Amino acid sequence: MFKSKCLFLLLSLLVLVPICMSHKTIEGNGYLYPQFYDRTCPKAQEIVKSIIAKAVSRDSRMAASLLRLHFHDCFVKGCDASILLDNAGSIISEKGSNPNRNSVRGIEVIDEIKSALEQACPQTVSCADVMALAARDSTVIAGGPSWVVLLGRRDARGASLSGSNQNIPAPNNTFQTIFTKFKLKGLNIVDLVALSGSHTIGFSRCTSFRQRLYNQTGNAKPDFTLDQSYAAQLRTRCPRSGGDQNLFSLDPVSPFKFDNSYFRNLLASKGLLNSDEVLVTKNQESLQLVTQYAQNNQLFFEQFAKSMVKMGNITPLTGSMGEIRKNCRKINS
């Protein structure tokens, strides 16, 4: 009896060894994991969530803007907060790139969060992690799914204007170009369609889709794949010239609610951007995914959450790489 108890105790200890060591092993290798700040800044997630809630209550567009900010960061050099850096010295800010100029928003909210975190736990929580948490919390506040955010990213000490111009999918890109940009980041066609579903909230400028209304194929005619009554409605506020900054909801059915109506709009030929429309007209697999998500909101939510975790894991800086910026707009001196 005594021997059997000892054997059981020994086996129990052997089972527990890898469990106890796993935290140190993961930390040493620089992996991302949810509990990264549990000891060093236990209220970090609570602080982020509180400020995001206030920001979205002040400006309902902010949820989409913060989600987009994370996306535009991760597709350039990985999820490293490079998008937040201002021009300084040898750094040329990504804010001046074609995808970001006059459209990137929410940086002042990240500043507010970072300031609060610096008071609570100085130089501990990275700007890159703040953006990852902000994207999740913004989605939830808008009525979308939640997910466990993996943490431990560090901040870049440089930016890439060329990378921002080249790597971020553009509204007028072909399906193949968009798909290639996703594949280069380790994302597949399921991720592409699911993450495009973020267009269920947010707005786009007239300049981003004007060609669909007047000269889609260079023949001075509107895009035949766009519902013509919808096109006529858009033309009233998006003229041939002027009105570049006029805003239009990406999902006119429920512009501030995170749901699957974006996909239903696509099937009704009412996708605003060319990059939306190609999901149903240029690839059979993406069309099938759009149809599935249009029919099943829960399926969309589940896949969106998985794809956001996957996107948030694009080549993060970890361990001793990069730094933890005190001010998200500039590198530490």
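Heads up, the Cβ atoms here are built off N, Cα and C, so glycines get one too.
Over in TrEMBL, the protein carries these features:
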type	residues	note
ACT_SITE	HIS72	active site, proton acceptor
BINDING	ASP73, VAL76, GLY78, ASP80, SER82, GLU94	Ca(2+) 1 binding site
BINDING	PRO169	substrate binding site
BINDING	HIS199	heme b binding site
BINDING	THR200, ASP251, ASP259	Ca(2+) 2 binding site
DISULFID	CYS41-CYS121	disulfide bond
DISULFID	CYS74-CYS79	disulfide bond
DISULFID	CYS127-CYS328	disulfide bond
DISULFID	CYS206-CYS238	disulfide bond
DOMAIN	31-332	domain 'Plant heme peroxidase family profile'
SIGNAL	1-22	signal peptide
SITE	ARG68	site 'Transition state stabilizer'
Ask   = About how far apart, in whole Å, are the alpha carbons (Cα) of CYS41 (disulfide bond) and the residue listed as 'substrate binding site'?
value = 35
Query = In angstrom units, rounded to an integer, how far apart are the Cα atoms of GLU94 (Ca(2+) 1 binding site) and HIS72 (active site, proton acceptor)?
reply = 10
Ask   = When you average the Cβ positions of ASP73, VAL76, GLY78, ASP80, SER82, GLU94 for the Ca(2+) 1 site, which other residues in that chain have a Cβ within 8 Å of that mean position?
value = HIS72, CYS74, PHE75, LYS77, CYS79, ALA81, ILE83, ALA156, ALA159, SER160, GLY163, SER164
Task = With an 8 Å cut-off on Cβ-Cβ distance and a minimum sequence separation of at least 6, pull the same-chain contacts of ASP259 (Ca(2+) 2 binding site), or say none.
result = GLY143, GLY144, THR200, ASN297
Ask   = By a simple count, how many Cβ atoms lie within 10 Å of the Cβ of CYS79 (disulfide bond), its own Cβ left out?
value = 28
Task = With an 8 Å cut-off on Cβ-Cβ distance and a minimum sequence separation of at least 6, pull the same-chain contacts of the residue listed as 'active site, proton acceptor', or say none.
result = ILE83, GLU94, PRO99, ASN100, VAL104, SER164, ILE168
Ask   = Other than THR200, ASP251, ASP259, which residues of the chain come within 8 Å of the Ca(2+) 2 site, judged by Cβ distance to the Cβ centroid of those residues?
value = GLY197, HIS199, ILE201, VAL253, SER254, PRO255, LYS257, PHE258, ASN260, SER261, TYR262
Query = Of the disulfide-bonded residues CYS206, CYS238, CYS328, which sits closest to VAL76 (Ca(2+) 1 binding site) by Cα distance?
reply = CYS328
Query = Near the Cβ of ARG68 (site 'Transition state stabilizer'), how many other Cβ atoms are there if near means within 10 Å?
reply = 23
For CYS121 (disulfide bond), the one of CYS74, GLY78, SER82, CYS206 that lies nearest, given that the recorded positions are compared by Cα = SER82
Request  = Give me the non-local Cβ neighbours of ASP251 (Ca(2+) 2 binding site): same chain, 6+ apart in sequence, Cβ-Cβ under 8 Å, ordered along the sequence.
outcome  = HIS199, THR200, ILE201, SER261, TYR262, ASN265
Ask   = Near PRO169 (substrate binding site), which residues of its own chain have a C-beta under 8 A away, given they sit six or more steps off in sequence?
value = PHE75, THR177, ILE178, LYS181, PHE182, SER275
Remark   = Same-chain residues at least 6 positions away from ASP73 (Ca(2+) 1 binding site) with a Cβ under 8 Å from its Cβ, in sequence order, are CYS79, ASP80, ALA81, SER82, ILE83, LEU84, ALA128, MET131
Ask   = Which one is closest to CYS238 (disulfide bond) in space, judged by CA to CA distance, out of the recorded positions ARG68, CYS74, GLY78, CYS127, CYS328?
value = ARG68
Ask   = Are there any residues in the same chain, six or more apart in sequence, whose C-beta is under 8 angstroms from the C-beta of CYS74 (disulfide bond), and if so which?
value = LYS185, MET311, GLY312, ILE314
